[in-house]
Amino acid sequence: MAEALPKAGRYFCHSCTAEITPRLPEYTCPRCDSGFIEELPETSRNSENNSSNNSRTDQNRPSFENLESAQFTLPSGYGQVTFGIFNEGLDFPIFGTSGPVEETRDGESRREHQSRQRYGARQPRARLSTRRAAGRNEGVPTLEGIIQQLVNGIIAPTAMSNLGVGPWGVLHSNPMDYAWGANGLDTIITQLLNQFENTGPPPADNEKIQALPTIQITEEHVGSGLECPVCKEDYTVGECVRQLPCNHLFHNDCIIPWLEQHDTCPVCRKSLSGQNTATNPPGLSEMTFSSSSTSSSSSTSPTDENNSANNS
């Protein structure tokens with residue numbers, strides 16, 4: 001009578017770093033034909049039955065090397081999608097009702113993890129499993145659908161409120177505040193610049209603008225190297241310019257549009273009424289220019305100019 005073959009037990013292949021059922025009677029690994037295997041202790045029959053249905057799919061799962069595990073804390077009532085290596089995972093929310101999280105990892109996974117901890121073997125592959133909250137509502141959008149909507153920039157501020165998790169349950173703020181698409185950053189910068197456009201001093205009074213003296217540029221002005229602070233063009237002899245109470249000179253077309261929006265000098269930020277504490281620029285306060293017969297205001301002091309502007 002032929003001798004019966006020995007019963008195959010549970011073995012761990014150090015070449016494949018996986019739990020195997022050896023090929024008998026050679027006691028070799030059916031995956032790599034290596035004999036570098038070691039018998040593992042027996043476990044309960046229930047664990048063997050629970051792992052039989054899922055053991056075939058483990059070989060078809062993708063392999064990811066050297067993945068660093070991460071854990072994100074999420075509000076209660078969320079399901080979780082776990083991506084990681086065995087007992088360590090990366091969790092993402094799936095919208096659902098509150099309840100205890102149901103563990104779906106099979107018994108073989110726990111045994112393989114214990115074997116790798118025991119023998120110091122490297123992790124051969126990562127697993128992607130889904131842990132759903134108990135009693136998940138049907139028809140609730142999935143994580144993939146929500147991310148796709150956010151990336152496409154088509155989700156509206158009122159859309160997330162219909163998901164039953166409160167507004168902006170995933171993002172930290174309004175999705176419209178994020179930069180979506182190729183031109184998203186440019187749009188945000190433009191919005192920020194528009195917010196600062198109307199800030200600052202109020203427009204100057206039209207009466208004060210019209211009361212600004214007009215003087216004629218002389219050779220003394222040209223010889224001193226004066227230029228319009230706005231357009232940076234040199235003044236020419238005989239050119240008519242407007243003089244502010246701070247003695248700064250500007251082209252009429254350069255200073256009038258500015259004063260219609262801001263009651264300040266573009267150079268020293270002094271208002272037409274002299275309300276701020278800005279001092280006159282050095283040199284101009286002491287300089288006096290001989291003007292033509294059409295205007296004598298250039299030879300007056302800044303105090304006289306302020307008085308004439310207030311009286312007008």
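Using N, Cα and C of the backbone, Cβ positions are placed for all residues, glycine too.
Source: prediction; values computed, not measured.
The zinc finger annotation in Swiss-Prot covers 13-32, 228-269. Positions annotated as Zn(2+) binding site by Swiss-Prot: Cys13, Cys16, Cys29, Cys32. Residues annotated as region 'Disordered' in Swiss-Prot: 40-62, 97-132, 276-312. As annotated by Swiss-Prot, compositional bias 'Low complexity' applies to 43-57, 290-301.
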Reduced DSSP state (H/G/I helix, E/B strand, rest coil) at Cys13 (Zn(2+) binding site) is strand
Suppose the Zn(2+) site is Cys13, Cys16, Cys29, Cys32. Which further residues of the same chain have a Cβ inside 8 angstroms of that site's Cβ centroid? His14, Ser15, Ala18, Ile20, Pro30, Arg31, Asp33, Ser34, Phe36, Ile37
When secondary structure is assigned with DSSP, how many helix, strand and coil residues does the zinc finger (228-269) contain? 8 helix, 7 strand, 27 coil
Using CB atoms and a 10 A radius, I'd like the single residue among the binding-site residues Cys13, Cys16, Cys32 with the highest neighbour count. Cys13
Cβ neighbours within the same chain of Cys29 (Zn(2+) binding site) - under 8 Å, at least six residues apart: Cys13, Ser15, Cys16, Ile20, Pro22, Arg23, Gly35, Phe36, Ile37
